[in-house]
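Remarks on the structure that follows.
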Amino acid sequence: MDSCLKIWSMKPQMRAYCLVGHKDAVMCVQFSPSGHLVASGSRDKTVCLWVPSVKGESTVFKAHTATVRSVHFSSDGQSLVTASDDKTIKVWTVHRQKFLFSLSQHINWVRCARFSPDGRLIASASDDKTVKLWDKTSRECIHSFCEHGGFANHVEFHPSGTCIAAAGTDKTVKVWDVRMNRLLQHYQVHTAAVNSLSFHPSGNYLITASNDSTLKILDLLEGRLLYTLHGHQGPATCVAFSRTGDFFASGGSDEQVMVWKTNFSAADYDGVLKTHKSGATVDGTHHRLPPEMDCGVHLKKTKSQDTGRNHERQEEDVHLADTLEHIIGQLDVLTQTVSILEQRLTLTENKLKEFLENQQKIIQNKEN
């Protein structure tokens, strides 16, 4: 492995920035929400905060005592959370560029750590076979999910912040509700360890990368496998959707970075359901690009065309489409209802917390 970062431009014929500073292999990297900064973690035990430019200026954060496996910015870009083989999670301030505090209840390497969308929680995945939830304010572990049969490689928050998904060496992907702390969905679609996953910004899809060399797209609303994508010649080690969801990128042990174009972000869920019913399939086609933009892959749909459809079959399709549209309308209503209930639940929880705090103060005043 080399020890540099490369910042790729999606514009044709544009060369990549090569950022040099780490003294050992770079294990993780992420852009800040604004795109003005890049954070990276390395086997050299450091975290670097870069300005992505030709100069490649950086600030080095030192606090970990082993390989840094994960870096992640909070949604407001003000904080950075890192995870390391030293069994700790560390939180840093980006503006002041200082170490804030450490979380240390894992008993083995911590592979991944992520902020919740609202920045109040931190989720972490570890080789101790647990996924932990932390309260950032109290700095306490508020729950441990122990259902994985192997190491927990990766964890991500759903865009709504109400659930998390975790990938493990036991070939599974699990989705948990972080309010009720219960398992919502359990997927066994890979034939080897799952290394990485990413939620689509809509929250309706989840993409995974595995040692079986495939990427898989899961439909979370239907609870099933949607697409299997082949492209990497060896383990697929990482994958992530773009902020808009129009693209996703994957990396593998074959030293290839692939950029894929989604075919469902522009369509509504009605269109996706109709695609399922029409027997659509997906295959990936490679396009070799200049060395500085190593590999690009695009999804394309091929429809099975039945030229022998008679009038009766067409009428059935129309009825089916009408039924699906009705179901989708009902799903939208249910989704809005659940969102309203979640907001009310949050308000109730906040009021209850405030009441308990006031009661505690009253009791303390009486004791004094």
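Backbone N, Cα and C define each Cβ position, glycine as well.
TrEMBL: automatically predicted annotations, no manual curation.
Copied over from TrEMBL:
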- 331-358: coiled coil (COILED)
- 19-50: repeat 'WD' (REPEAT)
- 61-102: repeat 'WD' (REPEAT)
- 103-144: repeat 'WD' (REPEAT)
- 145-186: repeat 'WD' (REPEAT)
- 187-228: repeat 'WD' (REPEAT)
- 229-261: repeat 'WD' (REPEAT)
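Within its own chain, the repeat 'WD' (145-186) is flanked in space by residues 108, 111-118, 121, 123-127, 129-133, 192-199, 201-203, 206, 208, 210, 218, 220, 223, 342, 345, which lie at least six positions past its ends and keep a Cβ under 8 Å from the stretch. Non-local neighbours of the repeat 'WD' (103-144) in the same chain are 66, 69-70, 72-76, 79, 81-85, 87-91, 150-157, 159-161, 164, 166-168, 176, 178, 181; each lies 6+ residues outside the stretch with a CB under 8 Å from one of its CB atoms. Same-chain residues lying 6+ beyond the ends of the repeat 'WD' (61-102) with a Cβ under 8 Å from its Cβ atoms: 27-34, 37, 39-43, 45-49, 108-115, 117-119, 122, 124, 126, 134, 136, 139.
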